[in-house]
Amino acid sequence: MISVLFVCLGNICRSPMAEAIFRDLAAKKGLEGKIKTDSAGIGGWHIGNPPHEGTQEILQREGISFEGMLARQVSEQDLADFDYIIAMDAENIGSLRSMAGFKNTSHIKRLLDYVEDSDLADVPDPYYTGNFEEVCQLIKSGCEHLLASIQKEKQL
Ligand code: 4NP
């Protein structure tokens, strides 16, 4: 089983959206038994909370389930357990790298780095911008490219 963990700051806006969209994409390609998808936040402020209303609205519109998804905080163990740690922005990457200390960080990547022609490198935080639609488009594109890259790398 290949495992993918999406990480953002609070685990209520961007990373749960990415988790749900990526899981749906993988299922549509018949890969649900081959890829495990999860998400977590750098901070612990929203532990146990469902996705933000804005993320819920987007996922409902897209017809993608977020049932049972509750925020949790990323742990050092996650860095060892997951094959791919996919962060939303440079700040998340910095936090994850400092959490890893001297351990291997080559599996810690930024989502939009998979989109070669992307205008943006970071997925903007809709908790502050309010623009969940922009985030949805960026995450969709990032997840499609990420899945294609994993399929190629792991020959799925
Ligand atoms: P997210 O957005 O990282 O996309 O889940 C945020 C959610 C909550 C906070 C910051 C960002 N917060 O500071 O509570």
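Cβ coordinates are placed from backbone N, Cα and C, and glycine is handled just like the others.
TrEMBL entries are annotated by machine, without manual review.
Annotated in TrEMBL:
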DOMAIN    2-149  domain 'Phosphotyrosine protein phosphatase I'
ACT_SITE  Cys8  active site, nucleophile
ACT_SITE  Arg14  active site
ACT_SITE  Asp125  active site, proton donor
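Between the alpha carbons (Cα) of Asp125 (active site, proton donor) and Cys8 (active site, nucleophile) lies a span of roughly 9 Å.
Fewest Cβ neighbours within 10 Å among the active-site residues Cys8, Asp125: that distinction goes to Asp125.
Counting residues of the domain 'Phosphotyrosine protein phosphatase I' (2-149) by DSSP class, helix then strand then coil, yields 68 helix, 22 strand, 58 coil. Within 10 Å of the Cβ of the residue listed as 'active site' there are 34 other Cβ atoms, across all protein chains.
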